[in-house]
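Enquirer: What TrEMBL lists as compositional bias 'Basic and acidic residues' is 212-221. What TrEMBL lists as domain 'Major facilitator superfamily (MFS) profile' is 20-452. What TrEMBL lists as region 'Disordered' is 205-232. According to TrEMBL, the feature transmembrane segment maps to 21-45, 61-81, 88-106, 112-139, 146-165, 177-196, 266-287, 299-319, 331-351, 357-379, 391-410, 422-445.
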Amino acid sequence: MSQGRAAARDAAKPQDQGWAWMVLLAAVLLQGLTLGFPSCIGVFFTDLQHEFQASNSETSWFPSIMVAVLYGGGPLCSILVKRFGCRFAVMLGGLLSGVGMVSSSFCKSISQLYLTAGLITGLGSCFSFQAGVTVLGYYFVRWRTLANAMASTGVSLGFTLWPLLSQYLLDEMGWRNTFLIFGGILLNCCVCGAIMRPVQLASGSPLQSPKPSEEPGKRAEGAQLSNGASSAHSELQQQTRRTACFQMLQKYLAFDIFCQNKGYQIYTIGVTWMMMGFALPHVYLVPYAIQSGVEERRAALLISIIGFINIFIRPLTGLLSGHRVFTGRRIYLFSLAVLLCGLSNFICVISAEFSVLIIYCVILSIAMSGIGALAFQVLMDVVEMDRFSSALGLFTILESITLLIGPPLTGLLVDITRDFHYVFYNSSFFLISAALFMVLSFCTLEKKNKLKEASKVPLDNPSRYQYNEMPTEPQSESQSPPAVMYITSI
């Protein structure tokens, strides 16, 4: 009898055991298929330029749109997850990604590529990746931190394998057939989504699929509709819609936190500015190496080196940053990684020999590992966890804007000057200035906080004005995981 009750209890609580580890494996594959995929676009840069007779700026819009939608579609994905569940969102994303790349193989102009590979594939990757991360919150409670860390290794694996596969297929069958094959590969996101079956409560209702009737905006509308069709009622109904819309924006885009929390404000501005230069080496490193006389296969290998080193350095960086010595100081460790990333770009300016570019990739990968491991941990430090999801929504949307415009603007500069060195000058400028801005701003903020504490000036809500480290302990098993959390990886 007791064994039967225990079995029923295990079936009702699949967290941290059994099928949860299959879901984790699917999440690893998803991150490799989605976040790792844009790393291979630089391999096709030169061929696409020749095919469509496009400039550097025009060609760079294609990866920029893809990455911007991948990062900025978080709020839309979270609404989709809340309404239909994680499994549906992942499978829809896989379908969109596959269709986008298959359609790209038939494109007749670079502008059509913006729509198919940029918008459709980017949006599909966003749905698959972010819903795949969200479902880990349902399947893991005790081992949630470990699960997310293991899942992030998929990004590094994708960075390593996608460029090598891309160069091989490009040499063998051209970019159109390669994109067609990529469409089939990305459809495997649907298989990963099928593995992510909804978690069942003891009552049998899925955790991640709230009923539409539970939405407050719809309940309010229903109540208003029952009162009659008078003109006063119509105005009230419009006001209710505006209120519901404002509540949704407040939930998914934390403008109030941005205005009130100085730490979040500084960090968001700094990272948004940083993203203007962060993606430039990923887009232009391979074309730069090829133009400098490096063989195409060896040029593609450079991106794979960055991904391979990330596999080992990123987890180590995460463990190091978790040490109590860095408690309250992770923002400075993050800024140091951004500064190193910016300074490393000067290596490319000095020489474009393959051996020198390998040294550059090693240093860049170490710096990138620090940025990727710390970016969202620092955000958790400056924002209360109960508002983290909405704070992350605004954070990723602002990121996506600069990710969108950074490569094309730099490409325009390269078109004017005919000098690829400006790619790395630009990247260094944005990264170094962002690092200095964050360090100096947080130092100033801490000094102001110390002066306020020394003078004992009462504050209504100190957390609004100071950089504090917020508790980031995982929820207890009795608590349900957050309904929606759209997480990106840098």
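Note: Cβ is positioned from N, Cα and C throughout, glycine not excepted.
How about a rundown of where these features are and what they're close to?
Expert: Residues 59-60, 62-63, 66-67, 70, 90, 93, 97, 121, 125-126, 128-129, 132-133, 135-136, 139-140, 147, 150-159, 161-163, 165-167, 170, 175, 178, 182, 185-186, 188-189, 191-193, 195-196, 282-287, 299-300, 303, 306-307, 489 of the same chain lie 6 or more positions beyond the ends of the transmembrane segment (21-45) yet place their CB under 8 Å from a CB of it.
Residues 30, 33-34, 77, 80-81, 113, 116-117, 119-132, 135, 176-180, 182-184, 186-194, 196 of the same chain lie 6 or more positions beyond the ends of the transmembrane segment (88-106) yet place their CB under 8 Å from a CB of it.
Same-chain residues lying 6+ beyond the ends of the transmembrane segment (112-139) with a Cβ under 8 Å from its Cβ atoms: 14-16, 19-20, 23-24, 26-27, 30-31, 33-35, 37, 48, 52, 61-74, 76-78, 80-81, 86-87, 89-90, 92-101, 103-104, 147-148, 151, 179, 186, 189, 192-193, 196, 199, 207-208, 481-482, 484-488.
Distant neighbours of the transmembrane segment (177-196): 22-23, 25-27, 29-30, 33-34, 37, 44, 86-91, 93-95, 97-105, 117, 121, 124-125, 128, 131-132, 135, 166, 169-170; these residues of the same chain sit at least 6 beyond its ends, with a Cβ under 8 Å from one of its Cβ atoms.
Proximity of distant same-chain residues to the transmembrane segment (266-287), defined by a Cβ-Cβ separation under 8 Å and at least 6 residues beyond the stretch ends, is recorded for 38-39, 41-43, 45-46, 56, 60, 63-64, 67, 163, 258, 299-300, 302-303, 331, 335, 338, 341-342, 345, 348, 357, 364, 371, 375, 378-379, 382, 394-395, 398-399, 401-403, 405-407, 410-411, 414, 420, 423-424, 426-431, 433-435, 437-438, 441-442, 445, 490.
Taking Cβ pairs closer than 8 Å, the transmembrane segment (357-379) reaches residues 152, 155, 264, 267, 271, 278, 281, 285, 289, 294, 302-303, 305-307, 309-310, 313-318, 321, 330-331, 333-334, 336-338, 340-341, 344-345, 347-348, 388, 391-392, 395, 472, 487-490 in its own chain, all 6 or more past its ends.
When Cβ-Cβ distances below 8 Å are used as the criterion, the transmembrane segment (391-410) is approached by residues 57-58, 60-61, 63-65, 67-75, 78, 252-255, 257-258, 264, 268, 271-273, 275-280, 283-284, 376, 379, 383, 422-423, 426-427, 430, 485-488 of the same chain, each at least six residues removed from its ends.
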Enquirer: For the transmembrane segment (299-319), which stretch among 61-81, 146-165, 422-445 has the most Cβ pairs under 8 A?
Expert: 146-165
Enquirer: Six or more residues out from either end of the transmembrane segment (146-165), which same-chain residues have a Cβ under 8 Å from its Cβ atoms?
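Expert: Contacts of the transmembrane segment (146-165) (Cβ under 8 Å, skipping residues fewer than 6 from its ends): 20, 24, 27-37, 39-40, 42-43, 132-133, 136, 139-140, 286, 300-301, 303-304, 306-308, 310-311, 314-315, 318, 372, 487, 489.
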Enquirer: Could you pull out which residues elsewhere in the chain have a CB under 8 Å from any CB of the transmembrane segment (422-445), counting only those six or more residues past its ends?
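Expert: Contacts with the transmembrane segment (422-445): 262-263, 266-267, 269-271, 273-278, 280-281, 284, 288, 331-332, 334-336, 338-339, 341-343, 345-346, 348-349, 406, 410, 413-414, 466-467.
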